[in-house]
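Quick look at what TrEMBL annotates:
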SIGNAL    1-21  signal peptide
DOMAIN    98-127  domain 'EGF-like'
DOMAIN    132-173  domain 'EGF-like'
DOMAIN    174-206  domain 'EGF-like'
DOMAIN    223-267  domain 'EGF-like'
DOMAIN    389-422  domain 'EGF-like'
DOMAIN    447-485  domain 'EGF-like'
DOMAIN    630-667  domain 'EGF-like'
DOMAIN    762-807  domain 'EGF-like'
DOMAIN    884-914  domain 'EGF-like'
DOMAIN    915-944  domain 'EGF-like'
DOMAIN    997-1034  domain 'EGF-like'
DOMAIN    1179-1224  domain 'EGF-like'
TRANSMEM  1411-1436  transmembrane segment
TRANSMEM  1505-1526  transmembrane segment
TRANSMEM  1555-1574  transmembrane segment
TRANSMEM  1615-1634  transmembrane segment
TRANSMEM  1669-1687  transmembrane segment
TRANSMEM  1693-1713  transmembrane segment
TRANSMEM  1758-1786  transmembrane segment
Amino acid sequence: MGENNIFFLLILSGILYQTQCACPSYCQCSGGSSICNTCNPDYYKSGNNCYACTKPCATCSTNATTCTACVDTTNQVISTCACNNGLIMNTSTYLCENCPSNCKVCSSSTICTSCNDNYWLNGNSCSPCIKPCLNCSSSGSNCSTCVDTTNQTPSSCSCPSNYIMNTSNYFCNQCQFPCATCQTTVSYCLTCASTYTIDSSTHTCSCQNNQFEVNSTPKTCQNCSSLCQTCTLSATNCGSCVGGLHRHLDNNQCICDNGYYENTTCQPCQLPCINCTSLSVCTSCNDSTYQSGTTCQCQATYFMNASFMCQSCVAPCQNCTSEMLCTSCISNYYKSGNTCIQCTSPCYNCVDFPTKCTSCVNTNVTPINNVCGSCSDGYFTDASLNCQSCIHPCTKCQTNGNHCLECATTFEMSTTTPNTCVCPANKYLVVTNTPNNCQTCTQPCNTCLGTAVHCLSCIDTHQTVDGSNQCVCNVGFFMNGVNCGACVTPCLECLGTANYCTECKDIRHYKNNGQCICNSGYVNDNDFNCIPCQDPCLICSVNDTHCDSCRDSNHQINASYECICKDTYYSNAIDTCAPCVLPCKLCDSNGCLTCIDTNQIINSSKNCICKPGFYEVGLNCSQCATPCKTCEIDQNRCLTCIDIHQTQISNQCICNDGYFEVNHICQECQPPCNKCQNTDDYCLSCVDINHDLINNKCVCKYGYGQSGTNGTACSLCQQPCLDCSTSVNTCLSCIDTSIFHLDNDKCLCQQGYFSVGTNCVQCSSQCSTCIDVSNKCLRCSDPNSVLNQNDCNCKPGYYQNNSMICEECQLPCLTCISNSNYCTSCHNPGMQQAIGGQCICIDGYYIINNQCEKCNQICSKCDSYNNCTQCIDGHYLQNQKCLKCQTPCQSCFDEYTCKTCTDNYIMNNLGICIQCIQNCKNCIDSLSCITCFDQFYYGNQSCIPCSQKCQTCENDSKFCTSCQNTSQILIDNQCHCKDGYFEEDLDCKPCDQLCKLCRSLSYCTECIKSDHVVLEMNLCVCQDGFYLENKSCQLCDKKCQTCTQKSDDCLTCNSQMNRVKQQNACICQDGYFENDNKDCWPCNSDEGKIIKNCKYKNCNDKVWTYEEECDDGNEESRDGCTNCKIDEQYSCINILLQPSFCFKCGENCQECQIIESNKLSVCTKCNQGYFLIQDRCSQCAEKCLDCKNSASNCISCKYQQNQKGECQLCQSGYYFDEFNKKCISKCGDSIKTVEEECDDGNLLSGDGCNQNCKKEKKFICKDGICIIPEYPVPMLFSYGDIQLYNNIRKFKLEYNLFLNIPQDNEVEKMIKLFIKKQTTLNPIDCPYEMKTQYTLNNSSNISFSIDFQIFFNRSTTKEEFLIEYLNPSYFLSSQGYPQILSEVSTTIPEYIFIDQAQVNQVEMAGSSNSILLYIMAVMAGGAILFGGLDIFYNLLDTIQMLSYLKYINTQFPFNLQTFFDFFGFAQLSFFSKYLNLQELIDPFIDYEDLKQIPEKIQIDGLNSLFVINGSSILFVWLTLIAVYVFSKYLPHLLFEIKLKYYNEIPGQIDFALKFKFWILAIKILIIQLCLTVVQEFFYSGILRTFFATAYDYSFSMTLQLFALELDSQNALVKFSSFLAIIALGIYFFTIYVITKKCGNQKFSIEEYQYRLKYMSLFEGIKYGNYSKYFYSISLTKKFLFMLILIFCYEQPYFQVLNLILLSIIEILWLTLFQPLDDLNEFIKQTSCEINKSIALFLISGLVLDQEVKIFSENIRSIIGWICVGNISLILVIQLIIDAIQQWVFLIKKYKKFRRLVEKFYQFWNPQKQKADHSIFK
């Protein structure tokens, strides 16, 4: 039974188990349990069960509606699984279906409840909003938002009045200015902006006709000036003028018409003015011939008649006001009244009357006292009493012309012959000068004769006159300037200088380049004797021990020029060296001086041994290894140790106990370590039992603290410390925290306790804190108590109650006792009184709200402001009101009844006030007076005024009984000013407070009796060091030297006390501080170091002072304090005059502090970008610049904030890259970032900023706009004449742009001028001129330039002129861009300085040649007058040829250049320059556009135009034609002159008849000359003129051909070019004609007319085969000469060689064919060509030198002189031969002329023929 039961129970329990462990299907269980571990996907777990999710959740969590996944995963939103906007859920499928079109929310697929943006709910569907609505409601036109949110407002979204809607985008476009409102388009105006007017036809707005538009913001129309009918840009910039105002338009201004002037309106000018600028200033006159000036006055000798014309005065009037009224007379007349009367001889001019002379008829007589008497200076009176001229050199003489009284300049009166003028000593007479004069002898001549260099005696005693009358030096002397200098030893004879020897004193000297040098091995002593060099010198100089070479090769020469042995050698004999023995490096005969090894030293035996600490290795020494001090055999085998704390054991150095080894040095263990290892504080044992060894550190046991020296011992902590640290009284904890508290490592009594020994006792209840005893309070416990001498008393206004607590008194009590209402004083003591513990108001006040208020001013007592209980005097009380008494009552009972009367009234018996007499104060009746008012006295029954000084007086107005004021004193009934006052305007005014007596406020005569008051300059003042206060002089503060008003209000300071003034205070000067005694002590004193203001700093004193960040007492770097600066990530604790304690802060920590308990640093402030958390610094979030408490709690942003105030991840212009987690920039977004050079808002190239946001060349970009800036660039260049010998160099500084700079003189201060040579820069060292030019264009921009002229007084070559700008940005372009360049330079054209001596020589040569030319010109003039024109033509031909040689393209030396310039007059262009013809065509030519011509010709002021250059030739031809016409018609005129050539009386010839014959002879001569001119004009005259002008003709023509411009745009230039081609044709045609005519067979002597017509072609020419073509060849040669000169200019050597070749061909032609008939003419022309060839050959050398630079300037000058000589020789030969030819011609001519004269003489004096009586013989 029992077994069955057990079995049954087992079966039953199995069934129960099966039932209980079945797991639900919606979850998974574990371990056979029925508890769900995880749920199926559409279930969620709650407890141990799973529950189904609610649709549309596909999965859920937490509850059935919190979805984690939705049925419709595309269109439903987790966690609600609601459908997205525009969709609605199907309740059967739980999927989302579409709402109606444009529906945002719907209730079914057909019913919409909310629409999308831009749509509105129209029933159950959505309709679009009507534009311009963006969003709308209720209807399509009821807008809620607009398309253009800026310019449109709901609900109509219409545009503002000045906008029009764009129908394409529905935005509002603003009307185009000046439209105010518009329609259809922005430019279709309906109305206009202010000041504008609408045109109704065009619907545009514009300014009216008499208005102009101002370019302001916004633009406006303004009226034109009242003068302008129309205007532009400004009111006065007229376009037309208002009519009828006598005005016309001129340069946009309405100015007055001619004949009117401006005076607000145009006023007519008054005659004689035709035009004027004002009534009194004329610009043109009625009589333009004789009237001038601003007043149109008539010229001198004219007067103005009634017609305002000038009429001439009538002689003898010189000036007059009318025809009859003279104002001045002509010469020889004087003015008498208004008429002129003639002077009487001998007066020529006179005044007042005819015989009062001002000048004499005899011009050599000077009037004396208005009488014509003796002769003037330079004249003497002869026997006939006439004035005769003195004879030169007399300037004053008497008796005769040679009896001198005064001599001419350069002469002096003879000391041997009286009254004779002679030349002074050192001068000679120049008889060739006119007049002759005395000139100084040229040194060295002392006296000379004839010329300045023809010496008679010399100025130097060492000179002798030689046979050629020249001063030469004696033997042993040389010519030094004009004196002789002695030759210097050893020269026996010298030349040029004292030491250039030509002969030496002895045979030991030899000559070398002018020096006497000793033979080798010898040297000059002090007497210049040759002495041998001392051993070991082989060769010496300077002296016998100054070696230049040595005898032994082992010698070397030291800095003292001594022969010493070379290194490693020593001197074993006087002249030899031996090598040193190793290990000696340097040695002498005794042994070593230095060793080969630096580790060796020399012992007393002069041997090299090892230094201590080294051991020997061969010949060298090696160092012992540390810690060995000395060693042997090897470096580690120690003999001694370097450290005294080491012991040598088995040749090893071991540290003693108490020390440990650091780098072989024993360091002492740090107490309290007894033994240590590795470091000084790594203890192995401690010094005593009070220490515990913890982690190899010796620390005091608990309850013990450090004691003893340096805290190395441990002692029991002092009471009340429970535990202590660095000392026994440095507490870490206290024994009883209820009584004690720890403060700054001290156990102090808690508040309410006081210390008694080491215990604390509680204070009494009234004390919050106390000391010594319980009731001796330091602070009170009751806040209404105050501490007074350690007792706590109630504050004023409080009382102490029975509980000893202070309570406040009640108003109106100020103070109270016992209770709050018992007053002892009142709140307002001036209005209240405490009476019996109550505050009562005083009379005149009443109480209200515990405050006393003032009664009405007419109440003396009151209950309230308007209820009076008593009235003041002059008022009476009626119904609690005070009413005023009626005059004359002083006081009254009521309105009608007086109590008393006012002054000047008396009460009668009826109680009525009656008036006293006038000015009476008190009286007994109306007729008499008792007392008068002040300043009056009673007399004669009236009150009479007193004197002005009297206040009262008696009996008399001046009998004062009192004075008006206290400043007066009564003395003998007179008022006088008291001492200390002065009288001014009958009033006494106080003197200055220090004056006792004064005359005025500024004039003291005596000072008050007071210390330190002195009288200075009539003023009483305090002595220096004192100031005035309360009428006494008080001592100034010792800081002040002088002061005013207050002792420390300083005027000056005492500098000896190291003080300076600062705002009326004397403070210590820099480097001083004020100590407690108010003295200034130096900051570098011991006391100054602790003064904060001293800012003392000394990083070497190892203690901290105020100016140092730290000073840790060592010089180690990076230990927290380096050079008195706190290192990064360190903090320091500074205590004055103690070393700083520095400790390292944690990473990213800015400030930290040390914790004493564990000596660890904790951070108190982090670096920017980090925040403090648990004493450590953590980094802020990326977006934060700084944060607090957490990384994302930004207190400042790294970049800007967004609209929500949140920090952005990136700065403006950057975008956050989510993938790379960094900020990137975006090109083309118009925001420039650091990585971008520019960003113009697009990705286009060519606009300044390319597609990569890189700036393109030449652009600058700013604010998204790129432009090409135009910077002002200075340009410096030279211009003008840059000839080598012209010392003026011109430079111009210009700019490429218009500038915007002020027109002032500041520009000159903005630049500095320098001369730069290679790399050397020097300030300009020559005189210069600088001219600044400003030119304003029409746009008000400035064209700026500076002209420089430098006047060189030295030569300059390869130098630059440099301008340095001190402030380049001062120079702005008109667009505002500053200049970049800080300097600009240009090359200075080379200039050679010529000294005055050479200039004089050249001028002398020029003068000599000018004399030759003058002589030749006279001869040529004679040839023109008397015949022989060939001489004139030949002379002109030669000089013209020479004048063109200067155009050879080379730089001539100065003498030759100047010489060539002398011939410039011979060119016919001289006439065109003189007549200035070029100015006539200047307006029509732009010379810069012309082709360039040779530079030298251009420098001469010429250009290429034939029309200008040929004008001189045209002038010559016109002159020739004029002479021909004149000669043709003059004889006809002379024939009309008919005289009677006989007398009425036969045989009588008078003077008149003789004169008629002379006229007849001259007439015949003129007629003959005219006939000759007419006969020879065609064609000899024409040809002769062509020959004479051939050089100039070919030059002008060739120059234009060189710069030919047939296609020029300028008509004149083109015409000139064609004209030159025509001229060339004429020239060749002329050569052809001449050649043709000369070859004609008629060319023979029989054909007289033919020869007469072409006489100029064969005069002086042989008629040979080739000779007859002489003139054709001559013309060809001249043309070739010019062709070579101009066309070969750019190849100068080719140019000059061709000229030489041409000249040689000419010589060969003349020599071989001898075409000239006259030998003299042949010699003249041949010699001219030869000399010209020689000169050209020399010039070719100059041309070559210009390329290779081989000649010095001196040689070039010599070549120049040779050329000048050659050319001068041409002129001399020409002169001699021309003189011979002219003389021969005149002799031939004279014979004919003599026969003609004889005929006339016979006619003049006819001889009667005698009868020949021979017929009778």
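Glycine is no exception: its Cβ is also placed from the backbone N, Cα and C atoms.
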What DSSP reports for the domain 'EGF-like' (630-667) is 0 helix, 21 strand, 17 coil
Beyond the flanks of the domain 'EGF-like' (98-127) by 6 or more, those residues with Cβ under 8 Å of it: 85-88, 134-140, 142
Residue counts for the domain 'EGF-like' (997-1034) under DSSP, helix then strand then coil, are 0 helix, 24 strand, 14 coil
Folded-back contacts onto the domain 'EGF-like' (884-914), same chain, C-beta under 8 angstroms, at least six residues removed: 858, 873-876, 878, 920-926, 933
Looking only at residues six or more beyond either end of the domain 'EGF-like' (132-173), which have a C-beta under 8 A from one in the stretch? 117-118, 120, 179-186
Within the domain 'EGF-like' (98-127), count helix residues (DSSP H, G, I), strand residues (E, B) and coil residues, in that order. 0 helix, 16 strand, 14 coil
Of the residues in the domain 'EGF-like' (762-807), how many are helix, strand and coil by DSSP? 0 helix, 27 strand, 19 coil
The DSSP breakdown of the domain 'EGF-like' (915-944) into helix, strand and coil residues is 0 helix, 13 strand, 17 coil
Within the domain 'EGF-like' (1179-1224), residues counted as helix, strand or coil by DSSP: 0 helix, 18 strand, 28 coil
Across the domain 'EGF-like' (174-206), what does the pLDDT come to on average, as a whole number? 86
